[in-house]
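A.B. asks: For reference, TrEMBL lists these features for the protein:
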type     : residues : note
DOMAIN   : 1-52     : domain 'GatD N-terminal'
DOMAIN   : 75-265   : domain 'L-asparaginase N-terminal'
ACT_SITE : Thr84    : active site
ACT_SITE : Thr160   : active site
ACT_SITE : Asp161   : active site
ACT_SITE : Lys237   : active site
DOMAIN   : 290-399  : domain 'Asparaginase/glutaminase C-terminal'
Amino acid sequence: MDIGDFVKLELENTTYSGTVMPSLSEDTVVIKMKSGYNVGLDKKKIKNIEILESGDKPKYGLPPLNLEKNPKLKNISILSTGGTVASRVDYKTGAVHPAFTADDLIRAVPELMDVANIKGKVILNILSENMLPKYWAMTAEAIKEEIENGAEGIVIAHGTDTMHYTASALSFMVNSEVPIILVGAQRSSDRPSSDAALNIISAVKAATEPIKGVYVLMHGETGDTVCHLHEGTKVRKLHSSRRDAFKSVNETPIAEINPFTKKVTYLRDVKSQDKSKIKEIVLNTNLEEKVALIKVYPGIDSEILKFYVDKGYKGIILEGTGLGHTPETFFEGIDYANENNVLVAMTTQTINGRVNMNVYSNGRELQAKGVIPCEDMLSEVAFVKLMHLLGNYEFKEAKELMSKNIAGEINESINLEC
Ligand code: GLU
């Protein structure tokens, strides 16, 4: 049997009929049943297979569109890494494919032709929970190649689960004059409520703006009215399913984009680009991967920290309680990390607000033990930043830079206490 075939599969006590779908595991057969539900079956448990109808196989290689470049429009490269936004559903087989050859994209979202000259490239095809630090570096390299080949804006199609980690990583790794916009979707393009097309159109529009830096673009509210452009180091996925899941934290979004009129309204100051340096790009992709992110909780034992130190970890981000605290049960572990030159820095699990380790004696004691306060930095951003700093600087310098703003990750000007 092959993808697209309509089959009857007999197991010990049950029989399933449906269309064979692609499966992520070699050991499992996935079929779409007539009810519309998919079921995954362990190959070893299938006693008999009957092919009731040989189906259409997924088709590739539609004739090229041969579109001419519009000299009035900017050249934007869309790099696809996977996730819901980067998928096209084959309605016959239910199979999901990465859709980001330029032609696929324009066929799926023809309005893009009015916004920019589009080039599409698939660089990865993964769910973003499977992102790895080495893929952040690979994405940065792909961005460099596109910019050196004339891209004036970059859009990265990405799964939403870890899109804010990748946005952070690229913010620290890439120094360029070109806007880099990460975009995702909460609903796939086969669903009537899909946000994919409007997010992609708005992301491409944002990539044509004369700004520089790394940003995330997603729906700004649950309806199809407005998309928000967020700074890459100030954004977090704050809802598991809503279309406006991404919010700027401790900051306002950079801009609102109307996906229909394509009007861009800036909500705060933005880094404008120097057009004369548009092809210049410097990467710094070194990362220390032995960094961990630990959530603090009542009664957390010092053993946890000792475990990481003994395993050779070089840096720890704590997501502390309130203004940046840990219970006293954790102090011994912090001393142990300090004695072993493991850099420990503090963020807050309240998400909003800023760490202030001068208010309570607990915070002061932690600082005396060498814990670095991370101001209003999001813990995921602090985690990526520490990997970046320990990958590129000596311990002492990394420690100093941890509480200094490098890529917009610390909002120094706003008093966030009220
Ligand atoms: N969990 C997957 C991911 O983050 C798919 C969902 C999505 O694209 O948001 O890649």
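Just so it is clear, glycine is given a Cβ too, placed from its N, Cα and C backbone atoms.
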A.B. asks: Please spell out the DSSP helix, strand and coil residue counts for the domain 'GatD N-terminal' (1-52).
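C.D. replies: Helix, strand and coil residues of the domain 'GatD N-terminal' (1-52) number 3 helix, 27 strand, 22 coil.
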A.B. asks: Determine how many residues of the domain 'Asparaginase/glutaminase C-terminal' (290-399) DSSP places in helix, in strand and in coil.
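C.D. replies: Once the DSSP states are binned, the domain 'Asparaginase/glutaminase C-terminal' (290-399) shows 48 helix, 21 strand, 41 coil.
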A.B. asks: For Asp161 (active site), list the number of other Cβ atoms lying within 10 Å of its Cβ atom.
C.D. replies: 18
A.B. asks: C-alpha of Asp161 (active site) to C-alpha of Lys237 (active site): distance in Å?
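C.D. replies: Cα-Cα distance, Asp161 (active site) to Lys237 (active site): 7 Å.
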A.B. asks: Under 8 Å between C-beta atoms and at least six apart in sequence, can you list the same-chain neighbours of Thr84 (active site), or say none if there are none?
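C.D. replies: Thr84 (active site) has long-range Cβ partners Gly159, Thr160, Gly184, Ala185, Gln186, Arg187, Ser188, Ala196.
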A.B. asks: Inside 10 Å of the Cβ of Thr160 (active site), count up the other Cβ atoms and send me the figure.
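C.D. replies: Around the Cβ of Thr160 (active site), 22 other Cβ atoms lie within 10 Å.
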